[in-house]
Amino acid sequence: MSVNFIEVRSLRKTYGTTVAVDDVSLTLEEGRTAAIIGSSGCGKSTFLRCLNLLETPTEGSMRIGGDTVTFANDKMASGEDQALRFRKSMAMVFQSFDLFPHMTALRNVSLAPTIVNGLKREEAEGLALKLLERVDLRHKADAYPGQLSGGQAQRVAIARALAMNPRVLLFDEATSALDPELVGEVLAVIKDLAKEGRTLLVVTHELAFARDVADTLYFFDQGRVLESGKPQELMSNPQTERLRAFLKRFQGPLNS
Amino acid sequence: MSYEFDWSAVWDPSAWMTAIGVTVAYGVATTVAGLLLGLILGLLLVSRIWIARRAVSLFIGVFRCTPALIQIVWFYYAFPMALNINMPAWLAAGCGLTLYMAAFSAEIFRGGIQSIEKGQWNACRSLCMSHWQTMYHVILPQTFRRMTPAIVNQSIIQFKNTSLLSVVAVHDIMFTASALTSETYRPLEVFTFAALLYIILIWPMASIAHQVERRFDYRSSR
């Protein structure tokens, strides 16, 4: 058994008296996919944002590869010098795409490699074209986000994340803002990435997708991990009433 | 009884040419300088340095809440006195107006920067871009496009406000009109002509700005 690549221990995030993430621990091996499910407001997005350091956790520790950051009292307690490398080892795809509206698809993908990783403009654009090809959008390289459909925009966002050459990809409800008929094209890209052996952490409402793609499934409820394990087992044999109720509500999509 | 127009009263080409030059020079210089200063102040307003935010807010409060005319007169007479320095009159006259523009445009830039969706910051942070890289490549370009109408508006106001400089003997269009009036006792013709000059100067600028705005509107580029 290989050693865990991602290891989160006792992560907590509170806003005043509200507990958003409560004592969450999670592990993931390199090349594997974990899916996080749960109803709205269960803390799964906050957890992902904490992992990407978009939110500062209240307490707990997180390790990716050899970089560890720990938190106490809403501050980073150790790992300050590793924080940038920690964040750099992952890239996030957001629910609202958040492409840069004043830049072409090509520039959206090549900007960060140029200014953060120091690639020459031609190199970065070559990389961007390759990645746009990868998500089947090379012909849209010169289009602005406003000219793309939601599905296309999200695929550009995936290319933008891949351009940073991350070791982990985080998806924060990447298909929730899409029209139903556009969900498939984005899920297909994510599925391919999983098959390629990328390490993925996917927060999603698409249960069928989670079942087919994830190696491990985490069920969040009220900020806690209520159940975790193999998707098939979890879904066919839920141990808690909460998960049973949750699955029942999503019965439709599961059978599709 | 009807008024007999006598348009010969306005016939003084050399005085008007000088006046137009002075108005355009002050209009452009105080607008550009005011916008640049306003941008810097706007960035300080959204910075994490609380003392800078406080200081800039105080500055904006003072300069937004006093009439431009008082600022011009104060900078012309009192400012050099207060600092005990010898300031060239042309510079002292422009200072008040520049700071007036800066105060208003700082608020425009602050509002513009804060109106950009939070997701843009998140995306940049996630891509490991620094605060200033995010500001320079992502936030400000969108701010400028979004705030163009407000900036153009404020620039037009600024351009017209240069007429206030006539009270400190800057030989602009307004000053020339007043002088010509006291020479000819023909205020109706002279001030009508002066008004026409302002329209001829400002209208084209406004429509050019409008076209630039449309060209840069990536949101409707579908």
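Just so you know, glycine gets a Cβ as well, placed from its N, Cα and C.
What TrEMBL says about this one:
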DOMAIN    B:20-209  domain 'ABC transmembrane type-1'
TRANSMEM  B:20-46  transmembrane segment
TRANSMEM  B:58-77  transmembrane segment
TRANSMEM  B:89-109  transmembrane segment
TRANSMEM  B:163-181  transmembrane segment
TRANSMEM  B:193-212  transmembrane segment
### Message
Contact between the transmembrane segment (B:193-212) and the transmembrane segment (B:89-109) is defined here as three or more C-beta pairs under 8 Å separated by at least 6 residues; is that satisfied?
### Response
no
### Cβ contacts under 8 Å made by the transmembrane segment (B:163-181) with residues that lie 6+ beyond its boundaries
9-10, 12, 15-16, 18-20, 22-23, 26, 68-69, 72-73, 76-77, 89-90, 92-94, 97, 187, 190-191, 193-194, 197-198
### Message
Can you work out which residues elsewhere in the same chain, 6+ from the ends of the transmembrane segment (B:193-212), have a Cβ less than 8 Å from its Cβ atoms?
### Response
7, 10, 16, 19-20, 23-24, 27, 148, 152, 155-156, 159-160, 163, 173-174, 176-177
